[in-house]
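Trainee: One structure, as structure tokens, below. Some questions next.
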Amino acid sequence: MTNSNRIKLTWISFLSYALTGALVIVTGMVMGNIADYFHLPVSSMSNTFTFLNAGILISIFLNAWLMEIVPLKTQLRFGFILMVLAVAGLMFSHSLALFSAAMFVLGLVSGITMSIGTFLITQLYEGRQRGSRLLFTDSFFSMAGMIFPMVAAFLLARSIEWYWVYACIGLVYLAIFILTFGCEFPALGKHAQHSQAPVVKEKWGIGVLFLAVAALCYILGQLGFISWVPEYAKGLGMSLNDAGALVSDFWMSYMFGMWAFSFILRFFDLQRILTVLAGMAAVLMYLFITGTQAHMPWFILTLGFFSSAIYTSIITLGSQQTKVASPKLVNFILTCGTIGTMLTFVVTGPIVAHSGPQAALLTANGLYAVVFVMCFALGFVSRHRQHSAPATH
């Protein structure tokens, strides 16, 4: 593979995470405007965004098999057509049913693209380099989470309709579409060149189960926490701007943490540093929930920084549980993480209704504690040391 081809594929991976980050994180910014557009209360409008999460979940789950049937380049190009149709549907329809369908299609497209992006990184890089590259790739999720809410705020403040925010997000996919030209993708399944040697199917091992549970609990805990921080802060008497600043601080430090750890992780055993980071994140979240208002910004900044490497490290460790990185295994862990996204409001909504936002934050804290336990237990069964040692760069 030529160096220019590798660079193009790496950039496709970066942008695939940016696309999903933009779609997921911008929701909170536009939800009120969309509710007004359809003359609905915000509470019932939030339920329609479940279609976006459902699309992401289904596509990541199915793409473990779809990758071996449909070439990756074909999937990305077809995804561009679907993206254009979905954005057009948002622009020209006043039907809530069509809005929900468009959101589902956007979820499908971003889920397929993100699973391809993750797989490309696991194919292009090995050993500890794979972990640092995946982490840098995941930082584009947070970067989009910082940039697109600002874009949304800029457009909405000028009374420009909310659907232009999604048109701007579509430009990310346009860049992916352009990069597919003159670019060779790894072939899988029936499209791959098969050697004479029979392919030995590797067993995943119990470590994959620990990682899958950790992925689900981490994403559910993270989104459950960050979704209710503004309400919790407002309940303490903070202004809407100050409450929003806490969320921005979290994602900003999360992004800087990813950049820092993409360098730091190369020097440590991944399972050990993951266990330390999971433990620190659980403690920092508890300090944020129980601390004073004056200390909350500092706790959320450090929480964002030290938790930034957790999810990507879980995926990297999963890919290292077999000698050859398995797209099915990587997609299985991604699917578990996406189930966490789907369950966010299903789990935290009733808790908030019954006991208030602080109870939801404490639940998220408990989920982070489960992540720590899973990562600690993984140390006794993980195969990453025997598989990554020869491949370390």
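Note that Cβ sites are derived from N, Cα and C of the backbone, with glycine treated the same way.
In case it's useful when we look at the structure, here is the feature table from Swiss-Prot:
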TRANSMEM  11-31  transmembrane segment
TRANSMEM  51-71  transmembrane segment
TRANSMEM  78-98  transmembrane segment
TRANSMEM  101-121  transmembrane segment
TRANSMEM  134-154  transmembrane segment
TRANSMEM  162-182  transmembrane segment
TRANSMEM  206-226  transmembrane segment
TRANSMEM  245-265  transmembrane segment
TRANSMEM  273-293  transmembrane segment
TRANSMEM  298-318  transmembrane segment
TRANSMEM  332-352  transmembrane segment
TRANSMEM  361-381  transmembrane segment
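Tell me about the setting of these features in this model.
Mentor: If you look at the transmembrane segment (51-71), the same-chain residues 6 or more away from its ends with a CB under 8 A from one of its CBs are 20, 23-24, 27, 100-101, 103-112, 114-116, 119, 185, 187-191, 327-328, 331-332, 334-335, 338-339, 341-342, 344.
Here the transmembrane segment (78-98) has Cβ contacts under 8 Å with residues 38, 40, 48, 105-106, 108-109, 112-113, 163, 166-167, 170, 173-174, 176-177 of the same chain, all six or more residues outside its ends.
With a threshold of 8 Å between CB atoms, the same-chain residues lying at least 6 positions outside the transmembrane segment (134-154) that come near it are 10, 13-15, 17-22, 24-26, 28-30, 117-118, 121-122, 162, 165, 168-169, 172, 248, 251-252, 254-255, 258-259, 261-262, 265, 308-309, 311-313, 315-316.
Same-chain neighbours of the transmembrane segment (206-226): 247, 250, 278, 285, 307, 310-311, 314-315, 317-318, 321, 329, 332-334, 336-341, 343-344, 347-348, 360-361, 363-368, 370-371, 374-375, 377-378, 381-383, counting only residues six or more beyond its ends whose CB sits under 8 Å from a CB of the stretch.
Among residues of the same chain six or more beyond the transmembrane segment (245-265), those with a C-beta under 8 A of the stretch's C-beta atoms are 25, 128, 131-133, 135-136, 138-139, 142-143, 145-146, 149, 226, 229-230, 233, 273, 296-297, 300-309, 312-313.
Counting residues 6+ beyond its ends, the transmembrane segment (332-352) has Cβ neighbours under 8 Å at 24, 46, 50, 53-54, 56-57, 60-61, 64, 111, 114-115, 118, 208, 211-213, 215-221, 223-224, 227-228, 231, 311, 314-315, 318, 359-360, 363-364 in the same chain.
Same-chain neighbours of the transmembrane segment (361-381): 205-207, 210-211, 213-214, 217-218, 220-222, 224-225, 228-229, 232, 271-272, 274-275, 278-279, 281-282, 285-286, 288-289, 307, 310, 314, 317, 347-348, 351, counting only residues six or more beyond its ends whose CB sits under 8 Å from a CB of the stretch.
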Trainee: Do any residues, 6 or more residues outside the transmembrane segment (298-318), come within under 8 Å Cβ-to-Cβ of it, and if so which ones?
Mentor: 118, 130-131, 134-135, 137-139, 142, 207-208, 211-212, 214-215, 218-219, 222, 229, 246, 249-258, 260-261, 265, 270-271, 273-274, 277-278, 280-281, 284-285, 287-288, 291, 329-330, 332-334, 337, 368, 371, 375, 378, 382, 384
